[in-house]
Amino acid sequence: MASKLIAPSLLAADFANLQRDIEMVNQSDADWFHIDIMDGVFVPNISFGMPVLQAIQKHAKKTLDVHLMIVDPDRYIKTFADLGSDVLTVHYEACPHLHRTIQAIKAEGMKAGVSLNPHTNVSLLEDTINDIDLVLIMSVNPGFGGQSFIENTYEKVKQLKALIERKGAKTIIEIDGGVTNKNAKQLVDAGADVLVAGSYVFKSNDQLETIKNLKAIVNT
Ligand code: DX5
Ligand code: ZN
């Protein structure tokens, strides 16, 4: 079985010490940097944009997993490729021409991710799953870190895993929101491959140890 991945979300980092927090992730057992871009329209919050991502890219030595919580993401696909994004995830709910958007992301050399809000059923990916590299299931309503995990997520992960297997797709499953040591194992047992963790990592006293433990939990 391929090893399960941990992606600390920089949304919960200390922005006044961003380089320090990036170096911490570089030295940790984490696999990816999860980067949340919010536009204040698709979600009721604004996080940060291109200049900050450019600064992150200068120091980050691991995969850049960019999660766009913005309307009309097609406008910025090339920009995010130029900024070093390895995985670019758009929201299903923000893409009226999802198939075209997925192809455009791949044409820029990135892995194409599609995120589902808690209310969006996985069956809606029936016709696109074979084109999608990663599905990000939101386990909170997008827009803020530090929210409580929605328990229905386990069921969604199982449904998505079944869809992927039925279609013979190679898609991997990422979970985002409220991930802790309490739900991590159950999520990977349900079929998750990548777990995003923001507050749980950055608000802990020993961040390196927290990441190490999370990584161990999901790989035993
Ligand atoms: C929420 C973001 C998440 C967020 C997760 O809209 O997509 O990536 O940073 O934060 P926690 O782990 O604190 O729920
Ligand atoms: Zn995210």
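Residue numbers in this text run from 1 along the chain shown.
Placed from the backbone N, Cα and C atoms, the Cβ positions cover glycine too.
All annotation found in TrEMBL is predicted automatically rather than curated by experts.
Cross-referencing Ser9, Ser28 with the substrate binding residues that TrEMBL gives (His67, Gly143, Phe144, Gly145, Gly146, Asp176, Gly177, Gly178, Gly198, Ser199) picks out Ser9. Gly145 (substrate binding site) falls within neither a helix nor a strand when secondary structure is assigned with DSSP, and so counts as coil. In the three-state DSSP assignment, the secondary structure recorded for Gly178 (substrate binding site) is coil. The residues near the substrate site, meaning same-chain residues not in Ser9, His67, Gly143, Phe144, Gly145, Gly146, Asp176, Gly177, Gly178, Gly198, Ser199 whose C-beta sits within 8 angstroms of the mean position of the site's C-beta atoms, are Leu11, Ala12, Asp36, Val140, Gln147, Val196, in sequence order.
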